[in-house]
Amino acid sequence: MAKQEDIFKNVVSHAKEYGFIFPSSEVYDGLSAVYDYAQNGVELKKNIREYWWKAMVQMNENIVGLDAAILMHPTTWKASGHVDAFNDPLIDNKDSKRRYRADVLIEDYAEKLNQKAQKEIDKAKARFGEAFNEQEFVTTNARVMEYKSKQRAILERMARSLENEDLADVKLLIEELEIACPESGSKNWTEVRQFNLMFGTKLGASADSAMDLYLRPETAQGIFVNFLNVQKSGRMKVPFGIAQTGKAFRNEIVARQFIFRMREFEQMEMQFFVRPGEEIKWYEHWKETRLKWHLSLGLGENKYRFHDHEKLAHYANAAADIEFDFPFGFKELEGIHSRTDFDLKAHEQYSGRKLQYFDPELNENYVPYVVETSVGLDRMFLAVFATSLQDEVLEDGSSRTVLKLPAVLAPTKAAILPLVKKDGLPEIAHKIIADLKWDFNVSYDEKDAVGRRYRRQDALGTPFCITVDHQTMEDQTVTIRHRDTMKQDRVNITELKNIIESEVAMKNWLMKM
Ligand code: GAP
């Protein structure tokens with residue numbers, strides 16, 4: 001089996017070779033943790049965004065959209081707590097000179113304990129087969145219990161220390177656990193320090209009158225400051241939501257995992273405004289609903305798990321991540337946070353304006369509580385892309401690389417291929433494109449033997465290849481080849497639209513939620 005590291009390298013090089021993702025400004029050797037989406041990447045990204053938007057905005061009567069500006073009044077970030085508390089605890093290794101997030105080093109250590117426990121569970125499962133009772137095993141097996149309780153104790157202590165700003169104890173924990181620099185194996189660490197992640201910029205022409213601004217580190221605040229504008233102009237009744245997709249910027253300390261952790265990235269966020277006291281009910285609702293959205297894409301149930309936060313952010317009274325099994329292990333894909341009335345109250349306080357809702361049923365004013373769902377578009381891209389990229393050995397012993405993207409997200413839905421570049425076949429192929437392009441993104445390819453063209457479309461994730469041959473001239477039929485099964489059917493040209501539609505229509509995929 002290929003090593004995780006090799007799989008990941010393969011993902012990065014496939015993304016570049018097939019026009020999905022390029023390093024930013026590559027002619028100047030790139031810019032660390034900044035990437036450009038290429039001709040196929042931009043389509044896949046757009047489709048993921050649309051799939052999210054439809055599920056959140058179009059399918060919910062009480063959720064509307066917003067597109068707030070990236071630049072916001074600087075007091076926004078004072079009120080939100082980002083100026084004072086949007087920090088990562090960082091630690092340097094004195095020998096390797098590498099910089100790490102102290103909390104990530106500890107979390108990785110704790111995850112290894114979890115993996116050891118899982119190994120014991122898997123071994124027992126294999127030994128006892130059908131009769132295996134996992135619940136009982138986990139609560140009675142001494143080794144599993146020890147691993148789990150050690151893991152819990154470590155995470156709880158880290159959460160407590162970070163909460164109390166006790167950075168000396170975070171360092172002590174790293175030393176007690178004998179965590180070594182993953183690069184050099186050295187345990188020679190500096191103190192732990194806090195580092196603010198916001199990018200600063202300036203508004204205005206002259207140096208003395210310019211105003212210090214920040215590039216937004218999350219899209220959420222654009223929603224909070226517009227809460228009352230949207231509520232009033234849209235005559236929204238609590239509970240209701242505001243959804244937004246857009247760029248966010250963070251000066252990440254550790255930015256090494258391709259598009260997993262970028263300095264400029266895109267978020268898809270939804271803030272759901274509820275009555276105080278009802279937030280936990282809605283928090284549970286959105287946890288479940290968001291997981292269903294992920295599962296509807298069919299990447300596999302075993303690829304997701306919830307991780308309830310031990311350490312809550314300054315604004316939350318409950319929080320969980322939906323973690324995904326990336327090529328480098330389970331990591332956060334989406335956050336679901338019960339943010340209480342923290343943000344709206346803070347903006348009231350700093351702006352001096354009321355941000356309250358008059359509830360006609362209760363006949364009272366209040367600041368609504370907020371449940372937020374926040375997923376990184378680039379992380380979604382990576383999850384979908386990495387899982388879909390597969391090397392297959394075929395029945396005849398040959399192999400192929402295939403990008404088994406969920407068809408609804410595929411950049412190109414069908415490639416139209418004339419068998420040869422003559423005899424009127426390209427003309428028919430172009431006619432088919434002229435019909436299909438009203439409904440789908442389709443492409444044309446006449447270069448190389450048809451087998452090679454199939455392989456190229458497999459690597460691009462195109463769900464269908466439609467081949468025009470000499471028989472087409474006689475009976476208006478073509479072959480349609482399915483990417484995943486490689487099965488080919490002979491069908492009439494008039495049937496193509498329905499066949500493609502049935503596999504790629506967003507409606508059919510969203511109905512699986
Ligand atoms: N408004 C809440 C918020 O921003 P977060 O957990 O900091 O919460 C939400 O971020 C999501 O944004 C994450 O689950 C992740 O998918 C994505 N994200 C955060 N930082 C990122 C980064 N540096 N690069 C790519 N995606 C990131």
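Each residue, glycine too, has its Cβ placed from N, Cα and C.
Contacts of F265 (substrate binding site) defined by a Cβ separation under 8 A and a same-chain sequence distance of 6+ are given as K247, A248, F249, R250, I259, G376, L377, D378, in order along the sequence. As annotated by TrEMBL, substrate binding site applies to R101, E218, F265, E266, Q267, M268, E269, E372, T373, S374, V375, G376.
Secondary structure at F265 (substrate binding site), taken from DSSP and collapsed to helix, strand or coil, is strand. According to TrEMBL, the ATP binding site annotation covers 250-252, 260-265, 332-333, 376-379.
Under the heading coiled coil, TrEMBL lists 107-165.
According to TrEMBL, the feature domain 'Aminoacyl-transfer RNA synthetases class-II family profile' maps to 177-418.
Fewest Cβ neighbours within 10 Å among the binding-site residues E252, E269: this applies to E252. Residues from the binding-site residues list (R101, R250, R263, T373, L377) with a C-beta closer than 6 Å to any atom of ligand 1: R250.
For R101 (substrate binding site), the nearest neighbour among the listed binding-site residues (E252, R261, R263), judged by C-alpha distance, is E252. Within 10 Å of the Cβ of T373 (substrate binding site) there are 24 other Cβ atoms, across all protein chains. DSSP assigns E252 (ATP binding site) to coil, not to a helix or a strand. For V375 (substrate binding site), the number of other Cβ atoms no farther than 10 Å from its own Cβ, over all displayed protein chains, is 24.
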